[in-house]
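A.B. asks: Quick one: the structure is below, and I'll ask about it shortly.
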């Protein structure tokens, strides 16, 4: 087939063909179409994986409260271990192999979760294993990003990475919708005695997640092909690419800027760290500040997080257009500043204080009883009447007595700003990272980036829960503001080094 010149300014719209575009880089029409079919199947892979992942992240009521933290952490631990492994694998073998294996592991984990009720004892350990395996399977995010980075030119990169993030966000938006529908099945549901399968509101999401995983494997196996292009969009010879073409070029030689690589890993860690701690603190914060019951907090905060997902999709679509005008580095800096402002607004000021649970204790106390007896009495009464649990800021948290309330307007304004800054910083971090690494296989590096994000999701909740419980929101958010300010300073120091590999070596003009 005759060669065609492709202008790789942006990802083509669905249905675009080389025949209606201006061409300036040699690429065959067949290769062009195959390349974008493969990239789009990864968009769908990320979407289906995100929907299935949301189902699995909803822990049911069979999880023991003291064991819940380990169950939650096991997902991030699994992903942190798997990401570099799958990344290394993708550098030396066809990338559909680690993708299919990782999704198969997630399917097996969902099936295991559906049967955790069968063992007579130690069910929670099976739940822990299942959750860890799902996290292990989620390590394929490194492969998806490395494939996308290797199969797109510099001009196509930001759009493609933004589409991956958008598909992920859409998955987490639609996940709650399906989850709500499954609630009508009820806790009892029905039992399929032949295979000893209980189909209820907890197992149905896992089974649907397994089905989506199988569908994902079929699509990857049937459609995904290996493609690599250099930063200009020309085909590269690669051990994963077995098509011969006289138009292929060898990947450019040169050293990766390791300082820039480490800096982006630190930036990505902080970005996920602050969002993980924000997700963790939102429920106890609203319960303490606004005297919401646990049920109210779960409902309202769930609505807020769902709105953040919608906001993220809109922001990501806008960033694709904005990045062409001002560049990824400036957008990343702006996103960090917006996040800093968001947490600064959360600092408590004024003379109004939150409602204290001690008032409920006082009103329900009995003369000549010890404090422990009062607590026991309240606990018993709460078991009898769920709606009469004390609300407000717990007297056990000494800071409740002297820390001003965070007004609802403050909180909502902060939520909007953090919802703007987080997706921007997240997208720009790994977009810049992929450009810094250049056209060489990026699997291992992307694996380390994903692992750093997983570590942040482990440490973020631990950090904020300890600081918030002992010192309160003022100290907690002051420390977060300090961390973000240090990150902005780091970005300023390495700002000039965060340039694409080919730009650094003068092969492409910035």
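A Cβ is built for glycine as well, from the same backbone N, Cα and C atoms used for every other residue.
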A.B. asks: Examine the ranges 298-319, 364-385, 386-407 and name the one recorded by TrEMBL as transmembrane segment.
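C.D. replies: From TrEMBL, the annotated transmembrane segment range turns out to be 298-319.
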A.B. asks: May I ask you to indicate which of 22-40, 41-59 is given in TrEMBL as transmembrane segment?
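C.D. replies: From TrEMBL, the annotated transmembrane segment range turns out to be 41-59.
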A.B. asks: Mark yes when the transmembrane segment (411-433) and the transmembrane segment (298-319) have three or more Cβ pairs under 8 Å (sequence separation 6 or more) and no when they do not.
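C.D. replies: Checked: the transmembrane segment (298-319) vs the transmembrane segment (411-433), in contact.
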A.B. asks: Can you find at least 3 Cβ pairs under 8 Å between the transmembrane segment (474-495) and the transmembrane segment (411-433), where each pair is 6 or more residues apart in sequence?
C.D. replies: no
A.B. asks: Are the transmembrane segment (259-278) and the transmembrane segment (411-433) close enough to be called in contact, which here means at least 3 C-beta pairs under 8 A that are separated by 6 or more residues?
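C.D. replies: Between the transmembrane segment (259-278) and the transmembrane segment (411-433), contact is present.
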A.B. asks: For the transmembrane segment (331-350), which stretch among 99-116, 128-148, 206-224, 411-433, 445-468 has the most Cβ pairs under 8 A?
C.D. replies: 411-433
A.B. asks: With Cβ-Cβ distances below 8 Å as the criterion, list the same-chain residues six or more beyond the ends of the transmembrane segment (411-433) that contact it, or say none.
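C.D. replies: Same-chain contacts beyond the ends: 145, 157-158, 161-162, 165, 169, 261, 264-265, 267-268, 271-272, 274-275, 278, 285-286, 289, 304, 307-308, 311-312, 315-316, 319, 323, 328-329, 331-332, 334-339, 341-343, 345-346, 445-446, 449, 498.
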A.B. asks: Grab the same-chain neighbours of the transmembrane segment (206-224) for me: Cβ-Cβ under 8 Å, and only residues 6 or more beyond its ends, written as numbers and ranges.
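C.D. replies: Contacts of the transmembrane segment (206-224) (Cβ under 8 Å, skipping residues fewer than 6 from its ends): 37-38, 41-42, 44-45, 48-49, 51-53, 55-56, 95-96, 99-100, 103-104, 106-107, 110-111, 113-114, 178, 199.
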A.B. asks: Within the same chain, where does the transmembrane segment (128-148) have neighbours whose Cβ lies under 8 angstroms from its own Cβ atoms, ignoring anything closer than 6 residues to its ends? I mean 6 or more beyond.
C.D. replies: 38-39, 42, 45-46, 49, 53, 56, 67, 70-72, 74-87, 89-91, 95, 98-99, 102-106, 108-110, 112-113, 116, 157, 160-161, 164, 430, 434, 441-443, 445-447, 449-450, 454
